[in-house]
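**Student:** Got a structure for you, questions after.
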Amino acid sequence: MKISLLGHGKTTLALARFFKKNHNEVKFFDDQFTAFHKDEEGFLCYPSKDFNPNDSQLEVVSPGISFMHPLVIKAKHLVSEYDYINSLFDLVFTPTIISISGTNGKTTTTEMLTALLEDFKAVSGGNIGTPLIELFEKQSPLWVLETSSFSLHYTNKAYPLIYLLINVEADHLTWHCNFENYLNAKLKVLTLMPKTSLAILPLKFKEHPIIQNSQAQKIFFDHSEEVLERLKIPSNALFFKGAFLLDAALALLVYEQFLKIKNLKWQDYRENALKRLNAFKIGSHKMEEFRDKEGRLWVDDSKATNIDATLQALKTFKNQKIHLILGGDIKGVNLTPLFEEFKNYKISLYAIGSSASIIQALALEFNISCQVCLKLEKAVQEIKSVLLQNEIALLSPSAASLDQFSSYKERGEKFKAFVLKD
């Protein structure tokens, strides 16, 4: 079979290895290629312009590629990673799948739930790092998938047993064009889910037509206390606060519902679940606190790549002066709602990256102190010179990092290095 992989990345490379083992002819097409060549593994790589839809029998798209890209528009047999993997399931092997999506918190919640479901041989995958084809080849029986809006947009058949949508706030608007498209992508899977499946959804979307018309069973939630009350767990039984408390509560709710589907009693598992969850360590670059040589508090929240994540971070330090490093690739999002919230805080801004001039203009409009630093190192130096012991220095950029860094991880690591440098 002649297979075209649109985009040369982790997901499509894993698929290419699988296709090669099964004696298919595989070609990659990507904008980053300027001429035909073979990659390190010997796969054929072509510039996007060389794609011929008549010379291809199957196209699998890398989720980050826009639906308006010429490759996608020209493709005649386009499938998502999820739909292709779904086509491989049969009577011999079909895993149980739980999908988790949301603007913020999906990685943490996926990791928490995978830890809770360890005894059921759960493995995590999807956006979190492990491509689905690798989970398939390992024949893992229970998949906990962090699922992006891009993957959901391209998927037309595959659906999970349980779908958790944590939240939807403005993000990825450059890709989706507008918020309505972004929300519809997050909800699209509900149009595919049957009566035997379950969707756990934010209460504020209850009246949305897609949700109203979905056959799936539904549970709605509003905040962490209400979720924990439903599970008969006092909020002080968990060692998390703020947005992380909601992530933990929702992981427990999905776990409880999974047990119910398996005809197992929640009360028999509850105490052990709390112990396991309280032993869970939040990943790097998510509200990660550390102190400089003078004992002053700095917070690495580099994973805050959108407005909602930054707002959640600010709530943690409501009563303290905050020195906030803001900026990067804002992905077409209007930052005005963020600045409207700044009125409720004692805050000074340090603008970096490609959106620095936008941040400066909004700061002038809202009368908020702002220094245009452009570079992260300069922002750290400026804060170091004024930061007092009872104040907070926070990197929560409300933007992607790719205008200046290879990833949010590199941005966070450099932030820590600049702070700790003499």
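Using N, Cα and C of the backbone, Cβ positions are placed for all residues, glycine too.
Since the structure is predicted, the reported quantities are computational estimates derived from the model, not experimental observations.
Sharing the feature lines straight out of Swiss-Prot:
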BINDING   Gly102, Thr103, Asn104, Gly105, Lys106, Thr107, Thr108  ATP binding site
**Student:** Which chain neighbours of the ATP site, leaving out Gly102, Thr103, Asn104, Gly105, Lys106, Thr107, Thr108, have a Cβ atom within 8 Å of the mean position of the site's Cβ atoms?
**Tutor:** Ile100, Thr109, Ile166, Asn167, Asp247
**Student:** CB neighbours of Asn104 (ATP binding site) within 10 A?
**Tutor:** 26
**Student:** Using DSSP and three states only, what is Lys106 (ATP binding site)?
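**Tutor:** For Lys106 (ATP binding site) - judged by DSSP and reduced to three states - the answer is helix.
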**Student:** Which of Thr103, Thr107, Thr108 (the binding-site residues) has the most other Cβ atoms within 10 Å?
**Tutor:** Thr108
